[in-house]
Amino acid sequence: PLRSGGPWLLSVLARLLLWGSPGAWASYLRRSSICTPIPHHMALCYDIGYSEMRIPNLLEHETMPEVIQQSSSWLPLLARECHPDARIFLCSLFAPICLDRLIYPCRSLCEAVKRSCAPVMACYGYPWPEILNCNKFPADHELCIAAVSTDENSSSRRMPRASCKDCELEEASTAREILENLCTNDFAVKIRILRKNTTTTISDFDLDPGRVEVLKHGPLLRTEIPARLQQWLDIDATCVHNIMRGTHTGVFVVSGEVQSDKVVVNKAYAWQKKNRNLHQAVRRWKHHRCPEQAG
């Protein structure tokens, strides 16, 4: 699976900051663009819902090899699952639909994607590029490509947010190391996670309320832990995606810290028979005294 990192962001930003305003490009495109099939190896936009695109596109790419090369730079951002409409927004620019006139993304679509996806760029110190300045795109009452997903302000479920932390499943090396980890974190729980859908844009996860075993609650009340963990599943798509590794269900021991109104998972171990060190650590935890407790 694709992973995010600093180098791709630098590459993307360097290219985007050199592109001009889409408004100046529109009149030229209307005269010179042609319709062409979206190639199979354009991973960003192939099978997006339409089969033909205009080239040159709305980002001034004049050849298909250039389009494919530039668009592939955005795949790591999609892997972060920062917004369910990120692919639609990007493809409206990289692979504009082949109609009688040019159709730009709506300003509201740009703003929704920016709210969720700009933070992942900020993690590495890069701003949202000027070429994607949402004020350049048409207002919703004009002909444009609108958001598909419900806006986070009107939805009962919070929109997933990109995380700056790339958490992964840990190898349960020794029971002692796991116990030390449980001691240093605010909370530790054994939970079962269920994937509610199999879409490639946003994964939706649920906590099995009947399979929550609190090992350490720290500053949290035991009764509030399930709700806090469900919030984590809802908003930290990056971390959960990495932990699940494409599976539909799994049991994990997770530990982390409490930050203001949310919990942040720092470590996760898969609860499997082969992880004997993990099983041993959990059995020993009830009688284990952390260093600060022992002192």
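Glycine too: its Cβ is placed from the backbone N, Cα and C atoms.
Of the listed cysteines Cys35, Cys45, Cys134, Cys144, TrEMBL assigns the disulfide bond with Cys91 to Cys45. Here the candidates are Cys98, Cys117, Cys123, Cys134, and TrEMBL names Cys134 as the disulfide partner of Cys110. Cβ neighbour count within 10 Å across all protein chains ranks Cys45 highest among the disulfide-bonded residues Cys45, Cys134. Within 10 Å of the C-beta atom of Cys110 (disulfide bond) sit 26 other C-beta atoms, taking all shown protein chains into account. Taking H, G and I as helix, E and B as strand and the rest as coil, DSSP gives the domain 'NTR' (164-290) the counts 42 helix, 43 strand, 42 coil.
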